[in-house]
There are 2 protein chains.
Amino acid sequence: MKRRNTPTKAAVLSLLAGADSAMSHDMLLEMLEDSVDRATIYRILNRFCADGVVHRVLADDGKQYFALCEDCAQQTEHSHNHFHFRCLTCSRVECLGTEVSVNLPSGYRAENFNGVISGVCSRCG
Amino acid sequence: MKRRNTPTKAAVLSLLAGADSAMSHDMLLEMLEDSVDRATIYRILNRFCADGVVHRVLADDGKQYFALCEDCAQQTEHSHNHFHFRCLTCSRVECLGTEVSVNLPSGYRAENFNGVISGVCSRCG
DNA sequence: ATATTATTGCAATTAAGTCGCAATAATTGA
DNA sequence: TCAATTATTGCGACTTAATTGCAATAATAT
Ligand SMILES: [Mn+2]
Ligand SMILES: [Mn+2]
Ligand SMILES: [Zn+2]
Ligand SMILES: [Zn+2]
């Protein structure tokens, strides 16, 4: 199933590229110019994840946030082992630069990393 | 509002104490002897969290898991800065011992830590 | 231009968790 | 021991996030 280029896909990608923080589904829904169906946005985001274009963060507010893969994609092995910070005041979710390495007990194989720290960011502090 | 002791509360606590992994709401619902309402279990767990008896983990399957506070309660400052591992095969969620310290950008204040790594555990490997 | 099929919109559905309210039962203390 | 107080429970309705089936639409290839 080869991907096709659609206006909505392009618009979502451009929003993610222009954002300085990870975006949730409803943020995108709100920011998109022409009205798009909710399900469509979910599907576009899921495709982006599958294609390694964005990574998904499940935050502690129970919502998924999506961020364009940038630094994480430039690893030798594309991994998303970095934390995200969610501000309880302004509700921005941002990637925290440094990759973290967790050493698991022997015999454990890591497949996915999901690290979120919530608190108050500097601009809301 | 002072807490009262009820059979269900005791049963949930004993299940958590006897478990070798964090438990989700539906696991508890299934394991409880006499049938208990879903909402009651949620409320008991939320009270345990408020009282610092258990800690809550939001895993990357979108469910909440609860683990008795043991090591985490013995810190000078009771904190839950440790990762949890969720096995994609047996779906057990367990606390990974070591406390991790994340250094946030200056001006950021951490309130809550939620770290989950999913993959395959040693017994399923 | 036509055929193929990925993508979309819409409505229905799933899943996790919360909430209001009346009934129940744990605690207190007379 | 009994009655009063009120935390807790059960039940149903509700909220929110996300997924899914299906027919219609539109991007791509020939
Ligand atoms: Mn990435
Ligand atoms: Mn704890
Ligand atoms: Zn903020
Ligand atoms: Zn396992």
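Cβ coordinates are placed from backbone N, Cα and C, and glycine is handled just like the others.
Over in TrEMBL, the protein carries these features:
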type	residues	note
BINDING	B:Cys87, B:Cys90, B:Cys121, B:Cys124	Zn(2+) binding site
BINDING	B:Glu99	Fe cation binding site
Which residue, out of the binding-site residues B:Cys87, B:Cys90, B:Cys121, B:Cys124, shows the minimum number of other Cβ atoms inside 10 Å of its Cβ in this structure?
B:Cys90
Between the Cα atoms of B:Cys121 (Zn(2+) binding site) and B:Glu99 (Fe cation binding site), what distance do you get, rounded to the nearest Å?
20
Where B:Cys124 (Zn(2+) binding site) and the residue listed as 'Fe cation binding site' are concerned, what is their Cα separation in Å, rounded?
25
Checking interface proximity: list the binding-site residues among B:Cys90, B:Glu99, B:Cys121, B:Cys124 whose CB sits under 8 Å from a chain A CB, in sequence order.
B:Cys121
What are the sequence-distant neighbours of B:Glu99 (Fe cation binding site), meaning same chain, six or more residues apart, C-beta distance under 8 angstroms?
B:Cys72, B:Gln75, B:Ser79, B:Asn81, B:His82
